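Annotation comment: Swiss-Prot describes G8, R11, R91, R137, R140 as CTP binding site. Annotated ATP binding site per Swiss-Prot: G8, R11, R91, R137, R140, in sequence order, evidence recorded as sequence analysis. Here Swiss-Prot flags E21, D23 as Mg(2+) binding site, drawing on sequence analysis. The domain 'HD' feature in Swiss-Prot is assigned to 228-329; the stated evidence is sequence analysis.
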Amino acid sequence: MQIYLVGGAVRDTLLGLPVTERDYVVVGSEAQTLLDLGYQPVGRDFPVFLHPQTKEEYALARIERKQGKGYTGFACYAAPDVTLEQDLLRRDLTINAIAQDQDGQLYDPYGGISDLNNRVLRHISPAFSEDPLRVLRVARFAARFHHLGFYIAPETLALMRKLSRSGELNHLTPERIWKEIEKVLSGRNPQIFFEILHDCEALNVLLPEVDALFGIPARPDWHPEVDTGIHVMMALREASQRSEQLAVRFATLCHDLGKAQTPAHILPSHHGHGERGTPLIRELCKRLKVPNDCRDLAILVSELHSLVHTALQLRPATMLKLFDRLDVWRKPERLSQLLLCCQADFYGRQGFAEREYPEPEYVQQAYDAAVAVAVKPIVEAGYTGEAIRLQLSRRRIFAIRDVHCRWNDK
């Protein structure tokens, strides 16, 4: 029995990155041997075991053959006669097919070290196109390692495009798609993931609402980049630099979905796009089973981001309605989330990096003034029932008006 460290742990060590988990492949053994040694079986579809002490994963070397649709349509053969090279051959990319034995010796039958040094994401064999999930995985690796200069080999991108056109992506479950999106939105440079999916024609299958934004024109004075899809990618990059919150990044991705449905006769203006985006967000989130907090913030940002951009022109009563719609009195974190998305939207435009954007500061000050209005004096003044709410709203409007006047006097 021979044991090798494989996959991400070897790759990340060679890249000088921290290793968070270790996976091993076991060659020349069988399931009963591992069971006798106290390993715990955890793989339902594949022979995977947990080490009795470290709880790290150990998998028997195996061969996979395509026999059905989707990423689960594989027959697995695991036996003592499966070699290390055969096991590594089934993996997606050369950089993930490097093994290391217990003495530290590296095994690299498919040129992974060379591709690591040259910053190339390259598939190992034509069998790459048998697994539709690999389209998402490669795009995610491209995003994850973008800061290191990695790019996808042209022949691999061509296979990804072929796979996207084959219909295989339709067999991915909503849960699996969201899991990949969640991973990429939680990491570095998430915009790269969506740009690559657009380039390889997978985005129109997986997230047609986002893909539809590419090619939609916007006013060049407000969006010098013109293309709405490009703007959303720029905004997502900004959001990822300003916040690690999944909900903020997802809401930024979805904030302009309504622009794809702007009537042609009013283009390149997009009046009402926030409201048009709401049903699209609901449908997307229902289809992919997106968590409720991500869905709810995305809807609010779609509806309200244009109001924040014009906050200094809003009447105090309208500003209070914005706060009420956010339910900031019970969920104050929503305001900071909305403002982060609006900042990403504003600065996610060509040539806007040095522009002033005072509106978020004004909105925050207006909220601080409104939330400071106390209920106790209203009750002590003799108001009851609905009259308390009306008087509270009235006093909050006055507080917002004071802030508005101070800003106008600047």
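Backbone N, Cα and C atoms are what each Cβ position is placed from, and that goes for glycine too.
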Taking the Cβ of R11 (CTP binding site) as the centre, how many other Cβ atoms fall within a 10 Å radius? 22
Specify the nearest of the binding-site residues G8, R11, R91, R137, R140 to D23 (Mg(2+) binding site), where nearness means the distance between Cα atoms. G8
Quick check for the class: what is the C-alpha distance, in angstrom and rounded, between R137 (CTP binding site) and E21 (Mg(2+) binding site)? 18
Pairwise C-alpha maximum, in angstrom, for the residues (G8, R11, R91, R137, R140) that bind ATP according to the record: 16
Cβ neighbour count (within 10 Å, all chains shown) around D23 (Mg(2+) binding site): 16
R140 (CTP binding site) to E21 (Mg(2+) binding site), Cα to Cα, whole Å, comes out at 18
Please spell out the DSSP helix, strand and coil residue counts for the domain 'HD' (228-329). 80 helix, 0 strand, 22 coil
